[in-house]
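Undergrad: Submitted below is the structure of interest, expressed as structure tokens.
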Amino acid sequence: MDRWTRPKRFDRNLIVIGGGSAGLVTAYVAAAAQAKVTLVEAGEMGGDCLNTGCVPSKALIRAAKAAAEMRGAARFGIVPVEPVVDFRAVMARVRAVIDEIAPHDSVERYEGLGVEVIRGRARLVDPWTVDVDGRRLTARAIVLATGAEPVRPDLAGVEVFTSETVWDALAAREKPPERMVILGGGPIGCELAQALRRLGAGVVLVEAGPRLLPREDAEVSDLALRVLEAEGVTVRLGVMAGAVGGALVLSDGARLEADLVLAAIGRRARVKGFGLEELGIRADRVIETDGYLRTRFPHILVAGDAAGPFQLTHAGAHQGWFAAMNGLFGDVWKTKADYRVMPAVTYMDPEIARVGLSEAEARAQGRVFEVTRYGLDDLDRAIADGAARGFVKVISGKGGRILGVTVAGAHAGELIAEWALAMKAGLRLGQVLGTVHAYPTMAESAKYAAGIWRRAHLDPRLLALLRRFQDWRRG
């Protein structure tokens with residue numbers, strides 16, 4: 001740091017750049033620790049999650065589910081109807097949901113919590129100084145919570161929307177697009193393909209890899225494919241998208257006509273314009289940090305999508321605590337960010353949720369493990385709800401230690417919380433089995449999965465001894 005002179009005094013204890021989930025939590029935690037903290041945000045408070053990500057997509061998915069339930073009412077003895085979709089009204093509700101949640105992330109709320117909020121563009125001038133539209137601020141520590149931006153494919157002559165821009169494009173339409181192409185078969189691509197198809201759009205989903213949801217086990221990918229194709233989504237696997245003469249052409253020669261093209265092929269850290277290059281802070285898809293979320297400068301930290309390895313809202317919020325603590329107290333006491341229990345959910349119908357290792361990951365790590373699988377077609381509540389497709393899959397080690405769980409089925413995003421808590425608390429499958437679960441609930445699936453594991457581990461010698469004992473008791 002010889003190039004720069006460290007100030008003798010600082011205006012603030014902490015400056016946070018970015019008002020998404022990671023930045024908001026960082027600022028809140030710092031204020032709660034009685035630090036003088038400033039949050040700088042150039043765009044909308046709440047970041048991508050509130051404005052262009054989690055919130056609008058879940059509002060759209062809920063509307064789409066209502067349409068699907070109307071079409072599928074016959075299985076409950078109700079005359080089905082083809083819904084009349086008022087697409088402008090659907091998109092207006094999406095906007096209304098954002099507006100209703102926005103106060104949770106507002107300037108007013110955070111100022112009330114003791115955070116100074118400055119609206120403007122931040123740039124690091126030196127390791128301790130941030131310029132905000134010409135105003136210089138200094139701090140002992142700085143947290144970069146700049147988020148991530150969608151990767152945009154190079155398709156010359158083709159107008160391509162991303163998760164950031166597609167919402168305005170959809171809101172401007174009277175009807176869903178008749179010919180929509182979605183590039184990318186990850187969670188965003190799969191969720192929006194199903195939702196928009198249910199609302200009446202014609203959808204082609206293109207994935208360059210051999211299967212959808214490539215981070216999940218193959219059986220999860222197969223389930224997602226079956227569901228989407230059954231609902232009328234055309235899925236093209238193992239092909240790349242290119243552009244010829246302003247038209248979308250796949251690597252197998254197929255030409256796709258499209259009213260709207262959405263790219264959902266990944267995200268990379270927002271790093272341009274913040275002064276990182278000048279300070280020698282390295283970044284590619286994420287900003288380079290150590291286990292304490294520190295850059296090459298120990299007092300400059302990163303949290304959220306810009307840090308990775310998980311680009312999830314709740315992961316960013318989780319990192320925010322560590323970033324605040326290490327920024328304020330890291331010179332005397334520091335804590336490594338803990339990612340061992342990080343649930344993730346794909347909000348298709350049925351939902352797909354996982355915490356911990358998948359089977360493929362456990363095998364790649366050379367773990368000694370076993371797989372326990374429970375089908376939801378056996379679960380009373382799932383049968384009653386007409387939601388009996390899916391499964392619970394548990395990866396466990398010695399003595400029933402839980403290494404990872406995948407839940408594919410209705411309310412999987414809610415059900416995964418019990419498994420996450422069990423893993424965090426170090427509980428084993430026997431303790432999950434010994435926990436009373438209300439009947440009839442989807443949550444019982446955890447108990448039944450644990451029960452299958454228990455039966456597989458009963459000692460046959462003990463069973464034989466018990467059988468002889470019971471025979472003797474009968475005389």
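Using N, Cα and C of the backbone, Cβ positions are placed for all residues, glycine too.
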Undergrad: Return the residue out of Glu207, Glu277, Glu278, Glu288 that TrEMBL annotates for the same NAD(+) site as Gly184, Gly185, Gly186, Pro187, Ile188, Gly189, Cys190, Glu191, Gly266, Asp305.
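TA: TrEMBL names Glu207 for this NAD(+) site.
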Undergrad: State, in Å as a whole number, the widest CA to CA span among the NAD(+)-binding residues Gly184, Gly185, Gly186, Pro187, Ile188, Gly189, Cys190, Glu191, Glu207, Gly266, Asp305 given in the record.
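TA: Result: 23 Å between the two most distant Cα atoms.
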Undergrad: Taking the Cβ of Lys58 (FAD binding site) as reference, which residues of that chain separated by at least 6 in sequence fall under 8 Å from it?
TA: Tyr347
Undergrad: What is the interatomic distance between the Cα atoms of Glu207 (NAD(+) binding site) and Cys54 (disulfide bond), given in whole Å?
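TA: Per the Cα atoms, Glu207 (NAD(+) binding site) and Cys54 (disulfide bond) stand 22 Å apart.
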Undergrad: Hey, which of the disulfide-bonded residues Cys49, Cys54 is the loneliest by Cβ count within 10 Å?
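TA: Fewest other Cβ atoms within 10 Å, among the disulfide-bonded residues Cys49, Cys54, is found for Cys54.
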Undergrad: Looking at the binding-site residues listed here (Gly184, Ile188, Cys190, Asp305), whose Cα lies nearest to that of Cys54 (disulfide bond)?
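TA: Checked the binding-site residues Gly184, Ile188, Cys190, Asp305; minimum Cα distance to Cys54 (disulfide bond) goes to Ile188.
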